[in-house]
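In what follows, a single structure is set out as C-alpha cells and then discussed.
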Amino acid sequence: MERIKSNGGGHLNSAYDAAPDEPPVYEETNFPGEEHRTIRPSVISAFGHDTLDRVPNIDFYRNAGSVSGHRAVRPSLQELHDVFQKVTISVPETLEDDGEKSDGTPFDDLESADTSDDKGLVKFGWIRGVLVRCMLNIWGVMLFIRLSWVFGQAGWGLFGTTFDLFCCFLGLGIVVIALSCVVTTITGLSMSAICTNGVVRGGGAYYLISRSLGPEFGGSIGLIFAFANAVAVAMYVVGFAETVVDLLKEHASLMVDEINDIRIVGCITVVLLLGISVAGMEWEAKAQIVLLVILLVAIVNVFVGTVIPATVDKKSKGFFGYTSTVFQENFTPAFRDGETFFSVFAIFFPAATGILAGANISGDLRDPQAAIPKGTLLAIFITGVTYLAVALCVAATVVRDATGNATDLVIPGVACNNSAVAACELGYNFSSCAVDTCKFGLMNNFQGLVLSSLQGHFQPLSQIPLTSVFPQALCKDNIYKALHFFAKGHGKNNEPIRGYVLTFIISVAFILIGNLNTIAPIISNFFLASYALINFSCFHASYAKSPGWRPAYKYYNMWLSLLGALLCCVVMFVINWWAALLTYGIEILLYIYVTVKKPDVNWGSSTQAVTFVSAVSNALSLAGVEDHVKNFRPQILVLTGSARTRPALLDLAHSFTKNYGLCLTCEVFVGPRSEIYQEMNAGMEKNQQWLNKTKRKAFYAGVACDNFREGTESLLLASGLGRMRPNTLMIGFKNNWRTAGRDAVQSYVGVLHDALDFEYGTVILRINQGLDVSHLVAEEGVYAVAGSVTEHVAKMNEKLMEASGQFKKKQPKGTIDVWWLFDDGGLTLLLPYILTTRKKWKDSKLRIFIAGQPGRSDLDKEEMKSLLKKFRIKCSDINVIDDIHIKPRSDSLKNLDDMIKPFCLHEGSKDMIQADVMQKEHPWKITDAELSSFEEKTHLQVRLNELLQENSKSANLIVVSMPIARKESVSDFLYMAWLDILTKNLPPTLLIRGNHKSVLTFYS
C-alpha cells in the first residue's frame, strides 16, 4: 500500500478535496504479480454522510482462498484510523484471483468462488441429491439377496435364554437391523451438526472430518474411506452378478463355471457403469431416478407377493405365505457353518453404509446445510422401516430349509422332524435337508427375493461417482503429494475422470474375489472407522466450546456423539478384531505421515480449539501452584531483535529450553510509535512463521518504545502468562560499546540493572566475531555474504556467518568450562548441565573451576565434589584456582587502561572547582575516585581473563560468573570495561548471574 505524502502544504493527489473531515479518495491501483484491485470509493451510507465504513455484508466473510472470481475486502483498521491525515491511500474493494495462481491451493472454496460461473453446473436439491441417493445406497444387495439369510441365521426373536423380555421380543435378527440403525442414526445426527456449522463443499466424509479434526485425521480417514467406497462398488456389482449367474444357472446357460461367471458378469457390469459415470453427474442422476422407481416397484412387489396364495412350486421351495407356525419356527436363532451374531452383523452392516451418499456429493448440492440433515435422516428412517418390514414378512412366510421338490410331501409313517417342523405341519417333508444341503429356504437360497432383486443390484451406478469425489477432494488439498495426479477435473461439473478410473481399477480387483460374504466384512471396519471419526468430530467440536461452533441443526448431543464413536469402535472389534487392528494400524501410519509432512493448511479445526482450551486450563491450574526448586527450568527471554538477526544467540537459548521450557525471542522497535507500528505488526507473524519453519520452539514478541531500555523493561514486566513467564534474560554482548555512544551504553547497562531489579537471572553471550547478522539477511530471509564489498569485509562476513551457525551444529568432543566463582543460587551450574543433556552437546564434558584459598585446595575440591555428587551432576574434572588474588600482568593492565582511557574524567590533576565542573558536564565518565574505589574488583576481571586464557582457551564453551555493578556506584563504561576485559579473546563465553534463589537442590 503506497501512501502519497503531502508536500509543502500542497497535496500531490489531484482528487483530494480540501473540505475538512472527509476521507481521502481511493484510486485504482495495480499490484505486483498483475493482481488487479478495483476502486473502493467512499459511499453515502445509511448514516447520511460519506464514509469508508461498510455495513455488515456476507461478502466480507467469505474465505480468502478463492479459486476464481471476486471477494469483498472491508476497510482495514489503519485505513479508518488514519483516514484524516490528508493522504491518498490505495485500497482494494475486491480482489480478483485468476485460476492459474490458485491451482494447487487448498480445495477451492465454494463460499468464496464467484457464483456467476455456476449457471452451467448441475445442482441438486435435498430429494434428488440426498434422499434418493441415500435410499439407493442403503437398499439393494443386502435387501434382496442377504436379508432373508440374516433372519434365517439370527431369527427374529430369542427363546429359552437369560435375556429379558424386551430382548426376547426384539430378537437377534431385529437387533442386527436396530444396531445398524442406531449407529447410522447417531452418525447422521453428528453429521447434520457438522454440516450445518458453515458452508459445506465437495469431499463428503473427508471434508467433514478434515475441517473438524484437522488434516491429520481427515487425510488418514479420507484415504481409507475412499478405498472402502471403491470396494463397496465391487460388493454391489458382485451381488448383481450373483443374481444374473443364478438366472443363467437356472436356464443351464453358464459360460464357464459359477465363480468365473460372477467375475465375468461383474467386470462387464462395472465397465458399463464406468461409462455412465463418465457421461456426467446429470446423466447419472437421471438414471438414479429411474432406478429408484424400479426399486420402489420391486419392494412393493415383495409385500404384494407375500399375500398372494402360494403355488405348489413356491411351497416346495419353502414359501407358504403368512403362517403362524412358520413365524414361530423362525423366532429362535439357528446359526450354522460357524456363523455367529457378529459375523452375520458384519455381512449385513454394509447395507447401512449408504448414509453418506448425499454428503459425498456436497459440492453438487444447492443447499448442503439444509439438504444433508433432512435427506439423510429421512432416508435412514424410511430404509430402516423397510428392512424391518421386509425381514418380518420373509420370516413369517418362508421356512429355513426346503428341497424345491414338489413330491417331498408328508407320508404317514415316515418321520418328519427336521429343522422345518412348520413345513411338516403344512404337509411337506424336508427332512433330507438335515443330511444333504438343500438349495432353497432362508438358510440356503441367497436369492430369497429373486423376483424383485434384479434391479437392486444397479446400486453401484451411484457408488462409482461418489467414490471418485474423495480422491479428487483429497488430492486438491495436496495432503498426499503422490495423489495430486487425480486432482484434475473435466467438464463443466469438474468430473473426476481420473478418480473414476482409479475406482474402476480397485473395484475390478475385488470383483475377481467373486464372493459377496468375503467382500462385505472387509469394508465394514473401514466404514465404521469413518463413522467413529464423524461422531468424534461432533463431540470434539462441542467439547472445545469454540465460539465458532454454532451448528444450525440443534438436535444433537455431544455425549451421544461420543457414545456413537465408542459404539463404532466396539462393533469394529466385535466383528473382526484383527481387521479392526489393521484398520487402526493403517490409520495411525497415515496420521503419522501427515503429521510429519505438516501440510500447509489451516482449517480452524476443533483440535486447535481443544489445544487452546487445554493450554488455558493448564496455565490456570499452574497459576495456583507455588514454584518449587525441583521443578525449576529456565524460561528465557532472549533479546535477538528480529528472529533471524542473531542466530547464535537464539540457537543457544533454544538449546537451554528446547521443548521443555519457554523461549521468547524479543525485539524492541525504537522510535515514534506512529511510524513503526506497521513494521512491528507486519513482523509479528513473519518472525513467528520463520521460527516455526526453522523448527525453533520459541515465541516471538515485539514492542514499540521511544528507547531500547523502556521497551525491554516492558518485556521484562509483561511477558508470559501466569507461571509461564520468563525468569532469565539472555542478551548478546555489546561489542561496539566503545563507539556506540553514551546513550546506547547507558541503555544497555540499564537493561542489565533492570533485569537484576526484577529478579531475573541474567545471561550474556559473547562471540569474538559478533552476533548481529542483520546486514547479511536478504529481504526474503536468506543469509547472503556476497555483494559489493571489499575482500576484507567479505572474509569478515564469512567468519561471522560461520560463527553464527556454530550452535546449530553438533559440537565436537571437548569441554564446557564452568567458572563457578560466586554462588548465585546454582544457575551458573544448571545451564551448562542442561546443555550436556542435549544431543548436540553430548560429547562436551563439564569442567568445574572454583576459587580457593591458598593451602586448602584439596579441601575445597573435596567439598565441591561432594556438593556436585549431591546435586547428581557429573563432571570430568574439578579445578581449584588459588592464585586469583595475584596482581595481573602489566601488559594486561595496560590493555585495560587503553580501553577505558577515552571514558575517564581524569579530574585528579585538576583543582576542586574544575573537577566539579567536569563532573557536572560529564557525569557518565569514569572518575579517578571510582577507579581507586574499585581497583581490586577491576584487577580481578583482568586477572580472571589471564586465567581463562591459560586454562580454557580450547573449550567449546566457557561459562563464567558475571560480576555485578552496584547501582550509582559503578559507572556504565567501567562496568562495560569489566565485562569486555573479562571475556576478551576467548572462545564463546557466557556470563551468568542467577537471581540468588536456589535452582538446585539435593532433596528428593
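Every residue gets a Cβ built from N, Cα and C, even glycine.
Annotated features in TrEMBL:
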type	residues	note
DOMAIN	40-104	domain 'Amino acid permease N-terminal'
DOMAIN	129-637	domain 'Amino acid permease/ SLC12A'
DOMAIN	646-781	domain 'SLC12A transporter C-terminal'
DOMAIN	792-1004	domain 'SLC12A transporter C-terminal'
REGION	1-37	region 'Disordered'
TRANSMEM	130-151	transmembrane segment
TRANSMEM	163-182	transmembrane segment
TRANSMEM	221-241	transmembrane segment
TRANSMEM	262-281	transmembrane segment
TRANSMEM	287-308	transmembrane segment
TRANSMEM	341-363	transmembrane segment
TRANSMEM	375-399	transmembrane segment
TRANSMEM	497-516	transmembrane segment
TRANSMEM	555-579	transmembrane segment
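Under the criterion of 3 or more C-beta pairs below 8 Å, with sequence separation of 6 or more, the transmembrane segment (130-151) and the transmembrane segment (287-308) qualify as touching. Broken down by DSSP into helix, strand and coil, the domain 'SLC12A transporter C-terminal' (646-781) contains 62 helix, 29 strand, 45 coil. Long-range contacts of the transmembrane segment (341-363) within the same chain: residues 110, 124, 126, 129-131, 133-138, 140-143, 146-147, 150, 153-154, 172, 175-177, 179-181, 183-184, 187-188, 191, 195, 200-205, 207-208, 228-229, 232, 235, 281, 333, 335, 371-372, 375-376, 379-380, 383, 387, 462, 465-467, 469-470, 473, 517, 520-521, 523-524, 527-528, 530, 571, 574-576, each at least 6 residues beyond the stretch ends and with a Cβ under 8 Å from a Cβ of the stretch. With a cut-off of 8 Å between Cβ atoms, the residues of this chain six or more beyond the transmembrane segment (555-579) that come close are 179, 182-183, 186-187, 189-190, 192-193, 342-343, 345-346, 349, 521-522, 524-525, 528-529, 531-533, 535-536, 538-539, 542-543.
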